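J.: For 1-51, 163-187, 260-372, the entry in Swiss-Prot reads region 'Disordered'. Sequence annotations record features per position, and here Swiss-Prot assigns phosphoserine to 13 based on similarity to another entry. Look at Swiss-Prot and you will find 27, 180, 226, 277, 296, 301, 336, 373, 410, 438, 476, 558 tagged as SUMO2 cross-link. Feature annotation from Swiss-Prot assigns domain 'SCAN box' to 56-138; the stated evidence is sequence analysis. Under the heading compositional bias 'Basic residues', Swiss-Prot lists 178-187. The feature domain 'KRAB' is assigned by Swiss-Prot to 225-304. According to Swiss-Prot, the compositional bias 'Polar residues' annotation covers 260-275, 355-365. Taken from Swiss-Prot, the feature compositional bias 'Basic and acidic residues' covers 276-286, 294-349. Marked as zinc finger by Swiss-Prot: 375-397, 403-425, 431-453, 459-481, 487-509, 515-537.
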């Protein structure tokens, strides 16, 4: 008993052994346990099962060049994935947990990945708990020094007064004590904290552990900077909107020239604008480099959005100018003396105009994040990245066709469709085949034509395996298996699986015979029947030669030999 107790005690630091005077409850470290286990007789030890991490790395690092073909590569990948995930042992939830854990570890900083690999977490919750414990102890250890100025603002760190300092150290001691006696690894704190943050009695961590801890602290400080930067940008953006709205209101008031009432309001707005500019300048100075960086970053964007708002306000300004030039009796508003205040109606007008400017400013397409589909169609629910695309899409539901062909009068909903249609009249065929030189008016027709040369048949029937170069041919073929006959004759009710068959059938009722023989003038409903008819005339030409003439011609050939 004493031997085992002394062996366990050797795995502890001197400080941990002197913490209690009574019974010392310790947990042997992973390295000591492994040394003790392998120190026994090797003949008594069973071969440990393969590590799943080994199979995972084999699965992820598998290369196609190591195989002799795609089928062998796929089978090898299935085998490696089976060895890693072990579906015969693990449930679906466990397999899902393994995949999520792998992805979670891959997005962590390198230092944290190396640190977590030592503990081999079995689930994502266990990995998160380890990181949260580490972060809690690091936050308890961090006591900022006496640093002032822009660097403190950028990091979001505020100097601690003596009361806060003492409470911070108390919190650190409590967290450290809890961490030592938890079920986690005993050297977690000493490994996690860099030497500058670990108290003096503890030994210093190695450089790799210090880098890992600094990564955690850097992530925290970056999060603080991002939050503060976002607040600064929102403040500047809001003030930019207000200043732009005020400038537009001042311009409108000068154009309308409605008397001293608007002049007084313009002076008030100019005063407010100068006050806002002073506030922005003061706030930018206090934020230092952060505000300057955001002003530079969003300068061009604000300028572009300002031009958009001016274009949106162009038509209302022209309308206002026309109304101003129309003659008429003087209104009560013009006769009203200047009192230095606006009436309720004029205040409402000013607020309404300012609100519409803000709404237009906030709804500009440039405000939306890149790739975000914020414009949604109310009819079908389809979303678009730009409002112009949504407007073009809505034409489909309304049935509007504003683009009309000047040649035939046919109308289209999109201008691009009109351009393609006009090539029928002009005969333009800009898409030419490199193999045979044949030209097409549509690029899609060229793609279908090129499959004739390449022999590509990407559309395959699931029933019989027959392949086709066009999807329409596959659709027609599949009707043979399904028995679908969507084309029905309105005269007799007979149905067909192809439209061409229905057209041929209708000629029976209409007695139309478009295919006419040039020799005898006989007409037929089908081109195939005309081809068979041509053979009759061909046999007639061969029968013009009598048998006697043929025998004489044969004798002549023999004499030549």
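Cβ coordinates are placed from backbone N, Cα and C, and glycine is handled just like the others.
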J.: Should anything in the same chain at least six residues away from the zinc finger (431-453) have a Cβ under 8 Å from its Cβ atoms, list it; otherwise answer none.
T.: 420, 423-424, 469-470
J.: For the zinc finger (403-425), what are the DSSP-based totals of helix, strand and coil residues?
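T.: Result for the zinc finger (403-425), in helix, strand, coil order: 11 helix, 4 strand, 8 coil.
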J.: Far apart in sequence but close in space: which same-chain residues, 6 or more away, have a Cβ under 8 Å from residue 476 (SUMO2 cross-link)?
T.: 497, 498
J.: If one looks at the chain holding residue 438 (SUMO2 cross-link), which residues at least 6 apart in sequence have a CB under 8 angstroms from its CB?
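T.: Listed in sequence order: 432, 449.
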J.: Whole-number answer please: how many Å between the C-alpha atoms of residue 410 (SUMO2 cross-link) and residue 373 (SUMO2 cross-link)?
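T.: The separation of the Cα atoms works out to 33 Å.
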J.: For residue 410 (SUMO2 cross-link), list the number of other Cβ atoms lying within 10 Å of its Cβ atom.
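T.: Residue 410 (SUMO2 cross-link): 14 neighbouring Cβ atoms within 10 Å.
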J.: Under DSSP, the zinc finger (459-481) has how many residues in helix, strand and coil?
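T.: Final tally across the stretch: 11 helix, 4 strand, 8 coil.
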J.: On the DSSP side of things, how many residues of the zinc finger (431-453) fall into helix, strand and coil, could you say?
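T.: DSSP composition of the zinc finger (431-453): 11 helix, 4 strand, 8 coil.
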J.: Please give the average pLDDT for the zinc finger (375-397) in this predicted model.
T.: 85
J.: If we skip the immediate neighbours and take only residues 6+ beyond the ends of the zinc finger (403-425), which ones have a Cβ under 8 Å from one of its Cβ atoms?
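T.: That would be 392, 395-396, 441-442.
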J.: I'd like the number of other C-beta atoms within 10 A of the C-beta of residue 373 (SUMO2 cross-link), please.
T.: 13
J.: Specify the secondary structure state of residue 373 (SUMO2 cross-link) as given by DSSP, simplified to three classes.
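T.: Assignment for residue 373 (SUMO2 cross-link) reads coil.
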